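Colleague: Take this structure first; my questions come after.
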Amino acid sequence: MEPQDLHLDYGLVESILIPFIRNEIRKFGFRSVVLGLSGGIDSAVVCELAARSLGADNVLALLMPYKTSSRESLEHAQLMVDRLGIRAETMPVTGVVDAFFETRPDASRLRRGNVMARSRMLCLYDVSARDGCLVLGTSNKTELMLGYGTMFGDMASAVNPIGDLYKTQLWGLARHLGVPSELIDKQPSADLWEGQSDEADLGFSYEEVDQLLYMMLEERMERDAILAEGIAPAFYDRVRQMVVRNQYKRMMPVIAKLSSRTPGIDFRYARDWQEMK
């Protein structure tokens, strides 16, 4: 498999995602959105698409730093705010997170990172209720498939326009949309603690895992065929385990079916398919 197999017609992607955002938001009876703007590439792309879809006045970005957040992240988030002319508010989560861990001083980095992510989502949904806007998601396909995110934290949203785009495809779309190179070229990081890096956490690069995921998902290749492409057995086994183990993160809560029409199984509300006026 060659790297270019992951390449998309990004003009076509843009032409799909812009009306997708507008139509889905309006289906739910909303006109505006709120999203977390971290200074990373994923939220920058979603912000760019939302502004083009709904207009800058209908997009609110929340900057939600913790005390260890890098200055660069805040600068890059502000760069997108200034570029697009969208509305923005800064809501630090330091007080909430530190108060939570006052009685849990031995909590691991993982637990602290999860609480940071959920504290940010708390801010987003509170603003959603305050302003009557819908929360846009910023999790990409690579993160969703690997379970590299916090359930009911950064993975929570009402509409996610980039959930079917691999991380490497997000970089391509970002270049197409004209996102500043400072955001595209920097090392991916959730900025949960000083020096944190996505690829260091995962133990492999996004380019490597996207190639493997593409073969597993889009090409539906079996293990032996994938290994014949030069993928290391241990790498394949680890990634497959992550995909299988984290299936629950990609689902709404499982409901036991007891009636003829069950939410999430065979009950559909009219707005799920009706044409929007």
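Note that Cβ sites are derived from N, Cα and C of the backbone, with glycine treated the same way.
When I checked Swiss-Prot for this same protein, it listed these features:
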| type | residues | note |
| --- | --- | --- |
| BINDING | Gly36, Leu37, Ser38, Gly39, Gly40, Ile41, Asp42, Ser43, Thr138, Lys167, Ser189 | ATP binding site |
| BINDING | Asp42, Glu143 | Mg(2+) binding site |
| BINDING | Arg118 | deamido-NAD(+) binding site |
Colleague: At the level of the C-alpha atoms, what whole-angstrom distance separates Ser38 (ATP binding site) and Glu143 (Mg(2+) binding site)?
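Modeller: Cα-Cα, rounded: 16 Å.
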Colleague: In Å, how large is the greatest distance between any two Cα atoms among Gly36, Leu37, Ser38, Gly39, Gly40, Ile41, Asp42, Ser43, Thr138, Lys167, Ser189, the listed binders of ATP?
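Modeller: Between the outermost Cα atoms of Gly36, Leu37, Ser38, Gly39, Gly40, Ile41, Asp42, Ser43, Thr138, Lys167, Ser189, the distance is 18 Å.
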Colleague: Measuring Cα to Cα, how many Å separate Gly40 (ATP binding site) from Glu143 (Mg(2+) binding site)?
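Modeller: Roughly 14 Å, rounded to the nearest whole number.
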Colleague: Between the Cα atoms of Arg118 (deamido-NAD(+) binding site) and Thr138 (ATP binding site), find the distance and write it as a whole number of Å.
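Modeller: Computed Cα spacing between Arg118 (deamido-NAD(+) binding site) and Thr138 (ATP binding site) is 14 Å.
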Colleague: My understanding is the cutoff is Cβ-Cβ under 8 Å with a sequence separation of 6 or more in the same chain; which residues meet that for Thr138 (ATP binding site)?
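Modeller: Result: Leu35, Gly36, Ser38, Asp42, Ser43, Val46, Asp154, Ser157, Asn160, Ile162.
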Colleague: Cα-Cα separation of Ser189 (ATP binding site) and Glu143 (Mg(2+) binding site), in Å?
Modeller: 12
Colleague: Can you check what DSSP calls Glu143 (Mg(2+) binding site), collapsed to helix, strand or coil?
Modeller: helix
Colleague: Work through the binding-site residues one by one (Gly36, Gly40) and point out the residue whose CB has the fewest other CB atoms within 10 angstroms.
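Modeller: Minimum Cβ neighbour count within 10 Å, taken over the binding-site residues Gly36, Gly40, occurs at Gly40.
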Colleague: Which residues in the same chain, at least 6 apart in sequence, have a Cβ under 8 Å from the Cβ of Glu143 (Mg(2+) binding site)?
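Modeller: The answer is Gly149, Met155, Lys167.
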Colleague: By a simple count, how many Cβ atoms lie within 10 Å of the Cβ of Ser38 (ATP binding site), its own Cβ left out?
Modeller: 27
